[in-house]
Each structure stands twice: as C-alpha cells, then as structure tokens.
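First the structure, in the form of structure tokens, and then the observations on it.
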There are 2 protein chains.
Amino acid sequence: MLKRVFGLPLQLTSKRTLSTVFYQRMSEQTATTPATPVADVPPQQKQKSGKGKKSKLQVSLKTPKGTKDWSDIDMVIREAIFTTLSNLFKKHGGQTIDTPVFELREILAGKYGEDSKLIYNLEDQGGELTSLRYDLTVPFARFVAMNNIQNIKRYHIAKVYRRDQPAMTKGRMREFYQCDFDVAGAYESMVPDAEILDIIVEGLTSLGINDFKIKLNHRKILDGIFQVSGVSDEDVRKISSAVDKLDKSPWEAVKKEMVVDKGQTEETADKIGEYVKLNGSLREVYDALSQDPIICANEKASEGLNEMENLMKYTEAFGIDKFISFDLSLARGLDYYTGLIYEAVTAASAAPENAAELKKKSKSSEDASEYVGVGSIAAGGRYDNLVNMFAQASGKKSGSQIPCVGISFGVERIFSLIKQRMTAADIKPIYTQVYVMAFGGGKDWTGYLPERMKVAKQLWDAGIETEYVYKSKANPRKQFEAAEKSGAPLAVILGKEEYAEGKLRIKRLGPEFADDDGELVDASEFVAVVQDKLSQVHEDGVNEVSRLIRGL
Amino acid sequence: MLKRVFGLPLQLTSKRTLSTVFYQRMSEQTATTPATPVADVPPQQKQKSGKGKKSKLQVSLKTPKGTKDWSDIDMVIREAIFTTLSNLFKKHGGQTIDTPVFELREILAGKYGEDSKLIYNLEDQGGELTSLRYDLTVPFARFVAMNNIQNIKRYHIAKVYRRDQPAMTKGRMREFYQCDFDVAGAYESMVPDAEILDIIVEGLTSLGINDFKIKLNHRKILDGIFQVSGVSDEDVRKISSAVDKLDKSPWEAVKKEMVVDKGQTEETADKIGEYVKLNGSLREVYDALSQDPIICANEKASEGLNEMENLMKYTEAFGIDKFISFDLSLARGLDYYTGLIYEAVTAASAAPENAAELKKKSKSSEDASEYVGVGSIAAGGRYDNLVNMFAQASGKKSGSQIPCVGISFGVERIFSLIKQRMTAADIKPIYTQVYVMAFGGGKDWTGYLPERMKVAKQLWDAGIETEYVYKSKANPRKQFEAAEKSGAPLAVILGKEEYAEGKLRIKRLGPEFADDDGELVDASEFVAVVQDKLSQVHEDGVNEVSRLIRGL
C-alpha cells in the first residue's frame, strides 16, 4: 500500500520538479522564493498520542474504548460502501427511515438474550431511562408497531452500540454501522425471505466479495430437533444459545455446557450432536431431513421443512443456491428470530486456528484483534412476533401480526476486507477540479487575491469544485504544490498582464502536462471552457473508488 | 398539501379505474377477484399512540423526549438537504470525517459556558466517563489536536445532543443534525472567514432560502467595547453572555442582569448599551466605529476593526455584502470563539411578538413550539485557541497554534422552513422503476412467481429498481394497484401464453397510458428495451425533490 500523508500519495512530491518547468517558463514575473519541502503536514500526523504517556496527562486525547475517528480515504471507501448498499436497497423497493440513537430502555429490554449486558445506558434524564440502540431491528419493530404500519420495505444505515470486547483491526467495534434492509408485512411463505438472500448475494458481490457463503438454518427445524432429542420447551432457547457457540467452540465444550450447565441428559446432547453436524447444499440437507421419519413426525420441524421446499424453488429462480450452505449448527444468539436465520461468512470470518494460544500471548487486554476473526459480514433472519410484542405490550388493539424478515450488513467488517485487498488505488479525500492561481511580480503586484476570489466564485456558481491559496501574494511554486496536493486536473491562472487585459489561462495539471502552457481565453467565456475541459478529463478518467470497491 | 398515505398521494386511487381499462382488455385470462379498496394501509397509520393512555401501558411506544423518527418523504427531503450541503462543502475543497457519537467527558468539559448543563452523560463504562457530543466543533478540534493536523478543510454531517426544551415543529430538538464545514490552519486574516460567509450564502440560497441575513460581529471588537465601558477582563465572558440574550430579551432586562446579577455599574451598562444598539451594513458600522476615537484607541477593538476592513474587500469580491448585517449585539454563547462570529436568521427565526403571553397559554410543558421561533438556521465563528487547548492539556509539545473558523447549518430548522413552503410536489419515498407482473388464468395457471423472480433478477443485475407482488397467484388488479402505489413508470408483464413463447410485454404505467397495450418484445432483449424506455421517461421528467429543495 502506498504511504500517504493527508490522503496524498507521497510520490506526488516527485512530480513537483515537473511543474516547475511550466511555471518558470510561463511568466517573466515569477517570484524568487526558493523551493521548500511540501510537508507542512508533519509525518507523524496519523499517529495517535503514545499510550505510555497517558498517566501524566490532564486530558486524554483519544476516543472512548472501542470507537475511532474515520477520515481521509477510509471515509471515502466507507461512504462508497454506503452508497453501494443504499442503491441496492432502493433497487429492491426500499425506503429509508431514521430513528433516534437512543431508545427508552424498556423498548430494548428482553430482546437480546445473553447479550443484553452489552447495552450502553444513559444517565437518568429526569425520569426517562434511555439506552443507546443495540441494533436497528428492535427500533424498526417499535417504529412499525407505533405507526400501525401494515407493510413496508425499509432500509436504515446507522450506528449501533455494543459494550463488547473490541477487535479494531478486524472491524469489531463498540460503535459501528449497520446497513439493514427489512421487509415487514404478511406475505406468502419464503417469498420475501428469498429476496433477502438475493440481496445478500447482490450486496456482497457488488462490494467485490465473492468467496463468501451464506450459512442458513430454520428456527422451526432447530426447535424440532431439540424437541425430538428430548429438550423441554422452556429449555429450547438456552440450548439454542449453546449450539450458537459451535462456530467458536468444539462440540465437546458445547456438549459439556448442555449437560453440566444446562441440565440435559447425555443422550439428549448426543442426539442434538448428530443433527447439528449436518450441513451441505440446501437440497442435500433437505433430502436428508425429509427422509428422517422422526423429524418428519415432528410438527415444528416438518413445518420448517415445507418452508425450505418453497425456498429452494425461489433461490433456484434467483440462481443463488451455490452461495448457500444449509447448516444445522447455525442458531444465532438473538431471542426474536422465529423462522429462517442466516449469516454470510468468508475465510476471514473464522478465528485463527490457534486462537486460544494467541489469546494467551496477546499483549493487549484492550483489543482482541490478534486472536479473533472478522466474524459474519452480514446476518439476519425472520422475526414474526417482535412487532406484535410491542403492539400488545403497549396495549394497542392490533388486529394482525406483522411478520418481518431482514438482513444487516456489517460495514466495518466489510471495510476491513476491502482494505486488505487495497493496492495503490489513486483515491483522494477531496474532489477539487480547478485550482485558481495568480502569477505576477514587481513593485505594484498585489497578488490578485480578491480577483482570484471572484474567479473562484464564478466557478462555484457553476457547481465546480474550486480552491485557491489563502494568501494575498502566493509564490507560483507554493500555488502549484497546493494544486497538485488537491489533485485538481485543471488550473485557472490569472497572469498579471493577461488578467488586466481580460484574459484567463486554463491549463491541465499533472506531470504529463508540465510542458503545456494551456490556453488563453476571454474572461467572459472561461467557465464554459473549464466545463468543456473537465468533461474531457472525466470522459477517459476511471473512478478509482468504484474500481476499488468492486475489487477490480 | 396533499394528504398522503405511505408516501402515496391519495388521488392515485382514482387512477385505478383507468388502469382497469387496460388490463381487462389486455388478456382473456383475467382473474375474477372483485375490486378491493387500495388501503391495506389503514388511514391512522401516521398517528402516534394517544398520549392520554400512557399510564395504563406496560411499554410506552414512543421515542425519548425531544427525539423523533424520520420517514417517508420527510426523509427524502432531509437527505436532499444533506446532499445539497455535502456537494457545497466538496465544492469548497472539503473532505469529510466521522467521530464517535460520544466523547470522553473531559473532552467536552469547559467548552460550552452556561450550556454545559445540557450535555447528555452516559453511565460509567467501567471507569470511562463519556458523554454524547454537544456539537461537532469540539470533537473536530480534538481530532485535529490528536492527529497533529496542520491544516484541513473538513465537513461533518452528524447528530448532536442537547437536553434543551424541545420545540419539535420549529425543528428545535434534543437529537438533531448539524452540517459543519470548518477550515483549520494558519492563514491570512479573514481569507477563510470570508469563504465561510460565502458558503452560508451559497448553502441557504441553494436550499431555496433567500430572505435571510447574516448577523455578524467580532469578539475582539466586542471585548474592546466591554473594556472601554469599564468591564474588567475577568467579567468579559459573563457580560458577553448577558448581551447574547438581546435577541430574546429587551435591553432593560439585559441591563438589569449586568447591574444586579453581574456587578457592573449603571454607567458601564449604559455605555455598553450605546454600542450594542449599533447595526447596519458592514461599511456603515465599520465607518461609525473607526470614527470613534475611544474605540480606535483600544488595542483589541482596533485589531478587530483592521480585520473587518480586510473582510469587506473579500465579501465585496464574492458579492455577498448585501446578505450581511454588522450587529454589535451579537455575542454567541459559546466560550471558544475568538474572532468573527455570525449567525444566519430569517423572519421565522424570531419568537412570536407575544411570546411571553403564548408561553403562559401553552398547553404543553413538553414542547415550546407554540411560543418560540425557529432560531438561527446557521451559525459559527472563529476559534483560534481550541485545538491548542487540547494539545496543551494533553501534554503535547505542539509547536504552533492551529486557528480554525467554521459554520454549522441547522438541518431540522431548515427542514421546517422547506416543509412550510411545500406544495403538492409529487415526491415518493421509493425509486421503483419497473413492476414485474404476470397475467393468466385457467386450471393450470401457476401465477409465474419463480418466472417473475427470474425477470426481476435480470433487471436488478442491470441496476434497475424493480418490484413484483410477493404472491404466487396475484390478480391483475392487485398487481396494478401495487405498481401504481410504487410509482413505477414501467411494467414488464408475463402473459401466460406470451411468456411461454419467449415474449415479454413492456408497458408504460399511469392514467395517460391506460389505453396503451405496450410493446411485446423478445425475452432475450427485454432489458435493453426497458433501459431505453426508462431513459425516455427520465429525459422529460423533472426531479421533484430538487425542485422542492430549491424552492421553485
């Protein structure tokens, strides 16, 4: 990866000599200031204050644990991910909503199982107890119930908060973005569910991620398996959350949890063990289960199997079966799921093989990046009772249930994958197209600052990104350096005499145009010439950001 | 204003009869289900749960005080405001950053004067004391200091939090967006400041707000006035915050505060009173002050006056003087300003004339909308010491000061102005371009659901916003209703026989095309035909959102 200062490839400094060719020829009035190094930005700019010194300081210059600032090209990449995903959601008929960052605490209560302890609480606000949202799903269900909405496809891109152990370089943070798409409304079995799976495939591939699989299971089938294995109904959720640990822990540990901590017999645990080992294509696992008389005799499991049969038709229509792995060990921790559940994983999702060892060796107790994986990069499921739960708990006489199904993309995790593949893409955090400069000299030389402002204003009024040096008299070298730093492809130059005669010079910037003196045009028509030249620049230009995002 | 259900003008229901003309003719296989009313969305959808019932409920279905959900076309308008402002900021060379929603509490401490009591605190996070950010300026200064940044133009569009008395319909909320643009770095006097003022003018006019003025003052001049009036240096900030109340309180009340509460003599207060009454154009007030020998003899005031002289040159170059009112009563509450201060106001900014009376009559203690104005719609100023304050407090050996100047647009307040001018603009919250339908009948009619999915998938792959009814067999009327609700201009129709022969029908939607049977095309080329037809639709279409935003 190219080392960058302030979003600017360091190699640009080498181009400087090329531009000097131009400006030394361009005008006899050139100032005499000698070349100075580019760096008014010190090299340590991107470093944070040393952690060792903290104890001596009055104020810690840092962000709270598990949070970070985003800036520079990281921000450009993250915004490009947001744009890609919102366009995807719009493509599927989604409309967007926004809910407050904090909710009444009672809204979040009892929705997240064992993870409820990770919720951030605010101090009592004069009798109102509030907490930062833990996800976007519960606020969405609250919104649907509160407004008596019967059906909606909504997307929501916003921050959520979890007081978990952070692993920053793996994109596992305490403040992070979710990009959610959910379909609320009573529809035919598996029809919206299949579209959600298609959205996962479209979303990840459009972000250049192709080596993923969607692990998928059905809560009804899982509950059926627990029933036929001898788990009582009230134990189902806690056994489910034991199974959920199978992606991190070996079967023996999970079995121990079931038997020792959660009161199941050895036999029950072993029966569960046989089932949850099953995984393969939708068709394979479906066939295996539908030939199992015990499963077929269980009402819940057989309901789930019927739904899976529908799902197969639709995933075939979308041509997305190849991405799907029917995996009976997938349980998902959250309480509110009632049907299909799924998560998308890549090779980077898994923890390193020797995670336990690495954890012992890890020097940081603050960050788990050394020994955890990226985790799932998108996850979701069907939750048919959540809206109703709110409607009932609030005393609403809601007639019908509002079933929901949705998906949440983990942006920071996806970002960390995109950063890994990043090569020397020429991405800049600013969009400046024109740099306005003035060249002159002699005793009566004013530097043309108000004149540069007037010229810039005309360009702004035409919608063109324009900058100039904030200095009355700026020497040509400084102006060229600033222009190159900005990445602007064009300069508009006010030559001392030329401008006095109503002329402006328009010049392409960049090393390949160092010998080009540009074009002298009438001040009255310069905006049109600039627009014309910019459309030429962008005609053959490639958008480096989308190239990077799509992994090209 | 048109009453809307779910973003859909109610009048659309009347178009239904027109489309029935088409589909009854279109196919002999038409289903027989009778017409049903459009409304699967009940009319009370947009109503919140009645406040009177609250006490009986277990869970209050509401958002915390001073916060609200955003949805539907409100969301479309707000996003259009964000886009307008980010494009503006990019036009001026801005790059964007993102900081966490909460900061270490010590970062926010001592920055907001009397308003510090409005900060939201989070519960202790295992030894870390954090608070929700109160503005975007202090986090920005923390970011600049932490990363040793020497210069940056940054914009940041994000939520901030203030535990103030809300006035929801006036856009004064506890959770609200700020859109900030700031220039950090040591530059020539007033050069970036003038560009910031230009950004206010460009920003507001591009949002269709033309009847605003920018009230502007200079802290150094104000401090000079206090000095020559006999205020001691340590009293300056508290006298300044008394003057700040002049936009809400009469001079007599402010004078009383100075004399009775803040220990100034009558004479001092009267002298201040003479000065702060002054306002007019930049030139007028500048001339008045620079002819005042007492002011000119004061070092601070005369420094400020010199700066104002520069500023006038630049605002003239930008042609924005006519928007500016030099107003010596403007003080701004925040502690950190050191130079130019300004705020943009419109007629709606002021409280009603009989505010005190209205306040007494007001039925709600929860919301102040009945008796307050919208307030300033953009505000900012120069703060030259804030970055340095952080650098020093953290023990950094920072060489140079990093002076800053910036502006913050109040989006919710601007939104409330745009909503007021809103007429029957045809804005929809979704972007669907194509509705895929199937028409057929008879015993062997399957409804073509997987086939519709395949067709939709091809359109999605081509980047086209596409929906279809989530039902195996949907009757034509239902499909047309859903299509009209979505606002899609085109339908792709799978006729039972036509599709079997490899043909798809492409038809324009809308009442004016009721008699148009559309075009039958080869399934192999239908995507190209759709793209072609859509480009025709959008060629003569007007973007209603930008029309509304720009106030056309």
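Backbone N, Cα and C atoms are what each Cβ position is placed from, and that goes for glycine too.
What TrEMBL records for B:32-66 is region 'Disordered'.
What TrEMBL lists as compositional bias 'Low complexity' is B:32-47.
Taken from TrEMBL, the feature domain 'Aminoacyl-transfer RNA synthetases class-II family profile' covers B:77-450. Taken together, the residues in the domain 'Aminoacyl-transfer RNA synthetases class-II family profile' (B:77-450) have a mean pLDDT of 92 on the 0 to 100 scale.
Here TrEMBL flags B:ASP135, B:LEU136, B:THR137, B:ARG162, B:GLN178, B:ASP182, B:ARG332, B:TYR336, B:TYR337 as L-histidine binding site. Taking Cβ-Cβ distances under 8 Å and a sequence separation of 6 or more, the neighbours of B:GLN178 (L-histidine binding site) in its chain are B:ASP135, B:LEU136, B:HIS156, B:ILE157, B:ALA158, B:LYS159, B:VAL160, B:SER408, B:PHE409, B:GLY410, B:VAL411.
In sequence order, B:ASN217, B:ASP244, B:ILE341, B:GLU343, B:ALA379, B:GLY381 are the residues of the chain that are 6 or more apart from B:ARG332 (L-histidine binding site) and have a CB within less than 8 Å of its CB.
Within the same chain, residues at least six positions away from B:THR137 (L-histidine binding site) with a Cβ under 8 Å of its Cβ are B:ASP180, B:ASP182, B:TYR336, B:TYR383, B:LEU386, B:GLY406, B:SER408.
DSSP gives B:ASP135 (L-histidine binding site) a coil state; it is part of no helix or strand.
By a simple count of nearby Cβ atoms, those within 10 Å, the most crowded of the binding-site residues B:ASP135, B:TYR337 is B:TYR337.
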